[in-house]
Amino acid sequence: MSTSSSAVSQLKNSPLAGNINYEPTVWSRADALKVNENDPTTTQPLVSADFPVMSDTVFIWDTMPLRELDGTVVSVNGWSVILTLTADRHPDDPQYLDANGRYDIKRDWEDRHGRARMCYWYSRTGKDWIFGGRVMAEGVSPTTREWAGTPILLNDKGDIDLYYTCVTPGAAVAKVRGRIVTSDQGVELKDFTQVKKLFEADGTYYQTEAQNSSWNFRDPSPFIDPNDGKLYMVFEGNVAGERGSHTVGAAELGPVPPGHEDVGGARFQVGCIGLAVAKDLSGEEWEILPPLVTAVGVNDQTERPHYVFQDGKYYLFTISHKFTYADGITGPDGVYGFVGEHLFGPYRPMNASGLVLGNPPEQPFQTYSHCVMPNGLVTSFIDSVPTEGEDYRIGGTEAPTVRILLKGDRSFVQEEYDYGYIPAMKDVQLS
């Protein structure tokens, strides 16, 4: 891990954040070569193929617990709340029937991203989730897809800011404000009617659609820096520049061993964890800052970045795929992490490689879209689990929760809990 200004120029002065002088931390190929998919301390337990499904009518994937700006997962009047990316299942739709008239769940599942909607669920137990419905009515969001973000409980009046991604056409970080109403019977999320687009990729720090038609720009996660008290946001991006124009230089290589100097087509993998700062705690105006971590020549996706603040350290987590790694290096689908003592870095890859929690090699696609909470619990969804022969079972439901122990720059897998167990760390009673 090193810092370099070769991929992204550093920022000298920010109108909103003040005098900032930092360079992105480079996740190098040498770091990634240390990834060990068979390390039991960073491997998620096997998910059984007889897993329960939380809904027969919808698929769910990215899960977003309701939280406060310091990361605390909250319940409201005793009700836990999660948001999920959601799409209807189509078992009777002729479009998803095979030649024998059987439901092709695999194709239905693979098509879900184009019809993703933000929905909510509630529970008294932190599991046994009850479906509440859509957060925004049809037509409220200005694009065809509602992709992942973060719901923030603002106060004890029940106001919620949902930061999310407006996708197709384009991709923009957006915010919509509503409120939560509870009763003895359940929960309603109401009045999420006015979406405000906050910013898009700028082409200077973050790659735009014009620079790369398969660019990544999504997954806002706002937080208050425990040191300076300002409101920031991390998000997924790609390092700016025309596709194929990036250089995998000495910093991006790192101290690789002999025989690993050839990077093939690694210049096409240009993932990064982006940063923005708000004008004030209202979160209405934002300024884009340079990336915190770049993965040029390593990986093209650093999805759903988010923080855990513990023991004076900044634990910055992200998720990524095996298929988005660059030529010559590999790693499992799962959680990757970086740790430092300051928001602006420098950061070090956790466990030397960056890998925190990966799928087991025998079930490489069992779970994804992990969210690490401040209590060490990690939630994810089930993608597909092998059954007999070459067959497998599609999930689209919550995976078993696991706990990880954070110890300095290292992490260790600990207990496994029930499917979709996302307990509140604090209950907020509405006034």
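The backbone N, Cα and C atoms fix where each Cβ goes, and this holds for glycine too.
The active site, nucleophile annotation in Swiss-Prot covers ASP62 and rests on similarity to another entry. Taking a C-beta cut-off of under 8 Å and a sequence gap of six or more, ASP62 (active site, nucleophile) has these contacts in its own chain: THR84, LEU85, TRP147, ALA148, ARG304, SER369, PHE381.
Here Swiss-Prot flags GLU303 as active site, proton donor/acceptor, drawing on similarity to another entry. All protein chains included, GLU303 (active site, proton donor/acceptor) registers 22 other Cβ atoms within 10 Å of its own Cβ.
With a 10 A radius on its CB, TRP61 (sucrose binding site) counts 23 other CB atoms from all the protein chains. Taken from Swiss-Prot, the feature sucrose binding site applies to TRP61, ASP62, ALA148, ARG218, ASP219.
The annotation site 'Transition state stabilizer' is assigned in Swiss-Prot to ASP219. Its Cβ taken as reference, ASP219 (sucrose binding site) is surrounded by 30 other Cβ atoms within 10 Å in the chains shown.
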List of residues, in chain order, with Cβ under 8 A from that of ARG218 (sucrose binding site) and at least 6 apart: TRP147, ALA148, THR165, VAL167, ALA171, VAL173, PHE235, GLU236, GLU303
Farthest-apart CA atoms of TRP61, ASP62, ALA148, ARG218, ASP219, residues recorded for sucrose, distance in Å: 15
Listed in sequence order, residues not in TRP61, ASP62, ALA148, ARG218, ASP219 with Cβ within 8 Å of the centre of the sucrose site Cβ atoms: MET64, LEU85, TRP147, GLY149, THR165, GLU303, ARG304, SER369
Neighbour tally for ALA148 (sucrose binding site), based on other Cβ positions within 10 Å of its Cβ: 26
